[in-house]
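Taken verbatim from TrEMBL:
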BINDING   C119, H127, C143, C146  Zn(2+) binding site
DOMAIN    143-165  domain 'C2H2-type'
REGION    160-185  region 'Disordered'
Amino acid sequence: MFLQRSAVAVARRVAVTSSPMLRRSIATTAVRRDAVPDQPKIKTLKEIKTDEDLIGPGAAPGTVPTDIEQATGLERLEILGKMEGVDVFDMRPLDASRRGTLEDPIMVRSAGEEQYAGCTGFPADSHNVLWLTMTRERPVTRCTECGNVYKMEYVGPEHVDHHSHNPHNLEAPKTISDYVKPEYR
Ligand SMILES: [Zn+2]
């Protein structure tokens, strides 16, 4: 009993004396929380018009910033969306209720020039994940494991400067499908 009590006392003393940093930060946090100085207004999703609107106010000096205080850019957009229940990047899983066919493919929305989709077969999880690539030029792809067909639906901005990301205007690498006779497509 004596041993136990003294061990606790030593542990307490060590915790208090050997970590002045810890003590200070706890005290500081408590004070700040009480004071809550005039907090800068956080723009809501509707108020975001330009890139500059996606820069957070930052944390008050001496405090640890929260995500909403320090996040910028797309991360900030995503957080603002979540706060209002808007799924900015459409993170829902793909339609797994049926097998995609060439006539009726599984649609994959994309805001960029290319999109990856992970196929696990039909029914879902019947094979290991196989990553398939779709591009705006070649939107349809077919899983080599199960034959599921996916098609990319471009939902990004209408006018994109294609050359800005492709300075040498490189062509997409050829695949076996480039050599399939048109009548077999
Ligand atoms: Zn598959």
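Yeah, the Cβs are placed from backbone N, Cα and C, and that goes for glycine too.
In this model, the domain 'C2H2-type' (143-165) carries an average pLDDT of 82. Neighbours of C146 (Zn(2+) binding site), defined as other CB atoms within 10 A of its CB across all chains, total 16. In sequence order, T120, G121, F122, S126, L130, T144, E145, G147, N148 are the same-chain residues whose CB sits within 8 A of the CB centroid of C119, H127, C143, C146, the residues recorded for Zn(2+) being left out. Counted over every protein chain shown, other Cβ atoms within 10 Å are most numerous around C119 among the binding-site residues C119, C143. The number of other Cβ atoms within 10 Å of the Cβ belonging to H127 (Zn(2+) binding site), over all protein chains shown, comes to 14. In this structure, H127 (Zn(2+) binding site) belongs to neither helix nor strand by DSSP; it is coil.
Following the DSSP three-state reduction, the secondary structure of C119 (Zn(2+) binding site) is strand. In the three-state DSSP scheme, C143 (Zn(2+) binding site) falls into the coil class.
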